[in-house]
Every structure is written in structure tokens, then in C-alpha cells.
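Visitor: Sharing a structure, written as C-alpha cells. Questions coming.
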Amino acid sequence: MAGSNNPRKIPPAAIVTALTAYVLLVVGYHPDVEDGGLYIAGIKRLLHPALYPHGTEFVTEHLRFSLFAPLVAGLIHATRLSLDWVLLLLYLASIWATLYAGWMIAVRTVDTLEGRWGAVTLLACWLSLPIAGTSLMLMDPYVTARSITLPCSLIALAGILDLLRAPHAGPVAARRTKAWALTTIPLILAAVLHPLMAGYALAGVLLLACFRANSPDLRRQGPIVLFAAALLAATVLQSAAPPESADYLRVALTRYYWFPGQWELYERIGLAAPLALIGWLSTRREDSAWKALGRMALALAGIALLIASIFARPSLATHLAARMQPLRSYQTIYLVMILMLGAWAGETLLKRSAWRWLALLAGFGGLLFFVQRNVFPASAHLELPWRQPRNPWVRAFVWTRENTPQDALFAMDAHYITRDGEDAQSFRAIAERSALPDYSKDGGEASITPGLTPQWVVGQAAQTDLDRLSDEARIARLRPLHVDWLILRAGSQTAFPCPYTNDTVKVCRLPTSNP
């Protein structure tokens, strides 16, 4: 067990705060992009029920099993702060909590100060690392339920390490009570915010409990029982799945990240390389907690890979098990890899050389800053509440919010969110207006909630190549769907009135009668 004595002169919370500022500057902040926009639209609907009267299901369905939106709404009411400010503070708090939770794991598995801070520092440097081909990053540059479940999963792992600590390591009753709280409370919070990610966090906790147990039988047989239980659950889930329509199959197959057989080679390397690193790093230290952490990660990966290889295949008749995305459990595996690699680097490479630590921060910081700027090139790196947007799409969406009726229904190119310069900014979240479903994010919603498939199919048919159609074709497609307004590229040919335009896009009104 790692020693509890720590010769630090600066409180860990202070260093974690400095690293939080580092992460903010390197990773940036984009509250309305990608899944962040999905959550924001749901929160706004909860705060203002009159919003999104058309296609409401695409705003609310993904929040059915989560209390994230009510939690944020409650914070807004309690603090009297705006949504923008609450989200920014939650973003900073989630980064801080994740880094501090990494420190908690390091203290329980690493003896040296250099190793502990190496683990946390590398976590700060790699917090935006993509997780193989899962379409997830460890932490996004925006706030979602996953932003909170990430530190919760780490804290729960720290709690189970405490719970199974050697009996002489402190007052038994008080220690066990605190350990139970550290283990259970974060898991409960994660479960009410994101049940799927909480389930994968629980799997990691149970495996770590087995590998850390005092009983040799439990250490040997416990992981096997958990392995069999997970495989049985996936089999039952798949067998009980209802038949899928041809339209739903079309939606499901657009989610390539469900199917590792469709991943690129570098994405598959992202599955294997962490396991090789963890296996090697597990041999670098004799501490039993360190080894148990590594074994947990390897076992969790084995379970996830087996289930994915059996059930996450496009050729199967149903895809319910694939919809559960078992490889999302790789979030825990990547966290363990980073903490172990950082601890090893801190002890063997960085040591007590200030220049080496600064070089690590500067090198990775510069690289990841460059990556983030290339992901969101048309948007400010820090989209803070008091700053005016510079992205031309966002400016058009803001004009829409301020100048169109609240019950208006919009149409735009089905692939608008992936267009150059759009930067995955969410129309619904920013404009606060209803829109026909898009290919990317609404396709993701339909893939998770099959009942949305018919609306998604209609939306794709109506909006495909919308920028290149004639006005007559646009009217023929959109008027039956009661669309009032369109977002078109600035160069699109139209005789419709367009009261807002910039160099990239324009906002146009669909006439009530043929032109």
C-alpha cells in the first residue's frame, strides 16, 4: 500500500486549481457544440416549456433517464445565475473534480510525490484525449452528464481502495464509513445523471474490489463471475430486443462507432495500446493496490471487447447490445493508463527537475491547443458568457433567436453541423427554435430511441441538398411539414426574402404562397 506521509508544501487543492486553469486554456470552452448543445436545449426546454413546440422529442427524449437537466435548472434557480454562467462554473468544477479525483487515486497507489503529481499532471495534459473509436473524449470542451460522471467514477475507485485497505491502516470504523461514502455516493450521483456510464463505472469498482480482496478465492473467482454475469446480461438483452425496421437499421448503421469492425486501424490501435501499456506498467511497482488497479483495467477491457466482438456487429438482426456501446467502458481504462504512465514518468523521467515538468506541460499543451483550434477553427477558443460570438453560423443563430417567432419551425441542410466553419454549433441550443432533425446529432438520438426514426427519415428526405434546390423544390418539400424559415448558405440561389445574411449563411423566410 502506498504510504500516507506526504512532504508537500503546497496544498494539493491549490496545484489542482492551477492545473484546472491550464486545462481551460489548452482545451478551450465551447458550450453549445455537439452533445453540449443537446443538453442545453433540454435544459432550456425545462426552464421555458414554450420552447421547441415542433419536434419536441428530439429535445427531451435523451433526458428521460437523467436528472442532469433538472439539476442544472435547480442550480439556476438557487444561485440566480444565468444558464451560461452555471454551465461555465460546472465545467470548471468538473475539471477540478476530475483532477483531484486523479490525485486521490495516485495517493492510494503511489508512494512518491513525484509519481503522484506525475499522474495528475499527465491527466491534465491528456484530458481531451479521444477514446479509441468510441466517438468519446475523456472530457469534452463543454458540459454534459458525462462531465460529472467522470470524476464520480474515479472517486468511487478511490473509495473501494480505501474500503479494502489493510486493517492496520487507520481507525477501522471511521475509515470504513468514509470509504463506503466515497464509493457509493459518487456511483449514486452518476446513476441519476448518466445510468449507462454509471453502469460501466460500477463494473470497474466491482472488479477492483475483487482484485483487492483479502480472500484468495474472491481474487480468483470474483472476476470470472463478473465476466460471466456481463456476458449473460448482454445475451439476454440481445435476445429480448424487439425486431428492427428497415428505417431504424439505416439509422443504426450510421453510428459507425458502435461497430469496432468498421473502425480505422489507428482507432483499433487505441484499443490495444492502452492494454499493452497497463500490462507493462503493472510490473513496474510491487504495491498491491497499483497491481490491482492495472488488473481491473485489463479485465474490464476483456469483458468489453468480448461483448463488442459478439454483439456489436452490423450484420446482426438487432442491435440493442451494440446500442449500449460496451466499449465506452474504455473511459476507465484510459484513465488508469494515464495515471499509471504519469506516475512512472514522474518518478523516472521528470523527478525533481522543474524544467522537465514545464517542458511536459508546454509540449503537450501546445500540441493539444493546436488540435483544438483545428477542431473549432471558426469559433473563439474560449466561448465565455460575456464574449460576442465570432462564428458566422452562431451569429445567424443568435439573430434567429432575437428576430423570429418562438413557435417558428426551421429547416437547413441535413449535414449543416459538419460543414466547414460551422464547428458543430447546435442550432436549437443557440437559436432556441424548433428545427427538422439533422443527420448527425438527431441521427444519434434516433439511433438510441427507435421511436424517433420516422421523424428522422422525413427530416433527412426534406433537407438533403437543400442549399442546391430550386425554390419550387424547397416549397414542395418543406411546406407540407409546416416549415416557416430556412438557413441557407450565403451563395445559395433563392428569391425568398432573407432578412439576415453574412458572408457564410443567410436566414430566409419560406413564403406562405408560391412566389
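Using N, Cα and C of the backbone, Cβ positions are placed for all residues, glycine too.
Straight from TrEMBL, here's the annotation block:
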type	residues	note
TRANSMEM	12-30	transmembrane segment
TRANSMEM	85-105	transmembrane segment
TRANSMEM	117-136	transmembrane segment
TRANSMEM	187-211	transmembrane segment
TRANSMEM	223-241	transmembrane segment
TRANSMEM	293-312	transmembrane segment
TRANSMEM	332-350	transmembrane segment
TRANSMEM	357-376	transmembrane segment
Visitor: What stretch of 117-136, 223-241, 332-350, 357-376 shows the most Cβ pairs under 8 Å to the transmembrane segment (293-312)?
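Guide: The stretch I would name here is 223-241.
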Visitor: Do the transmembrane segment (187-211) and the transmembrane segment (117-136) come close, with at least three CB pairs under 8 A (pairs 6 or more apart in sequence)?
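Guide: Checked: the transmembrane segment (187-211) vs the transmembrane segment (117-136), no contact.
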Visitor: Under 8 Å for C-beta pairs, could you tell me which stretch among 117-136, 223-241, 332-350 has the largest tally with the transmembrane segment (357-376)?
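Guide: Highest pair count goes to 117-136.
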Visitor: Which sequence positions outside the transmembrane segment (223-241), separated from its termini by at least 6 residues, show Cβ-Cβ distances below 8 Å to it?
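Guide: Here the qualifying positions are 203, 206-207, 210-211, 299, 302-303, 306-307, 310-311, 316, 318-321, 324, 326.
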Visitor: Which residues of the chain, 6 or more past the ends of the transmembrane segment (85-105), have a CB below 8 A from one of its CBs?
Guide: 12-13, 16-17, 19-20, 23-24, 29, 31, 40, 72, 75-76, 79, 116, 119-120, 123-124, 127, 139, 142-143, 147-148, 150-151, 154-155, 157-158, 161, 293, 335, 339, 384-385
